[in-house]
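Beneath this line is the structure, given in structure tokens, with notes to follow.
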């Protein structure tokens, strides 16, 4: 097993993620931040670290609305993001966490009636949020 090294690049990217824990961000967002702060980290290194952090369970990864890139969200150790679904507005891109009793009900129903164990990691329901619906 290969030892994971804590590099300066990795620390800077982690710091960005922690400072933006309430937002969804892309590799391009991190790259823009690095450029604006005169920090030289190759975009491939950013992607490689995002993949590692996702594998380690520190990030949730969602497909963007256009399907051409990915959105990431930092999750702390106490997060329950792997225990609930997420909803994404097709209009504004907002991601909403479905943290309610319904999740337990639907998980139980799917297992008991359909023999299907729900896996919520990376699961996103698409629709229109209330704010966008009002503006349509």
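For all residues, glycine too, the Cβ spot is worked out from N, Cα and C.
The Zn(2+) binding site annotation in TrEMBL covers 89, 92, 129, 132. Cβ contacts within 10 Å of residue 129 (Zn(2+) binding site), excluding its own Cβ and spanning all protein chains shown: 18.
What TrEMBL records for 104 is Fe cation binding site. Counting only same-chain residues six or more apart in sequence, none has a Cβ lying under 8 angstroms from the Cβ of residue 104 (Fe cation binding site).
Candidate binding-site residues: 89, 92, 132. Fewest other C-beta atoms within 10 angstroms, 92. Reduced to three states, the DSSP call for residue 89 (Zn(2+) binding site) is strand.
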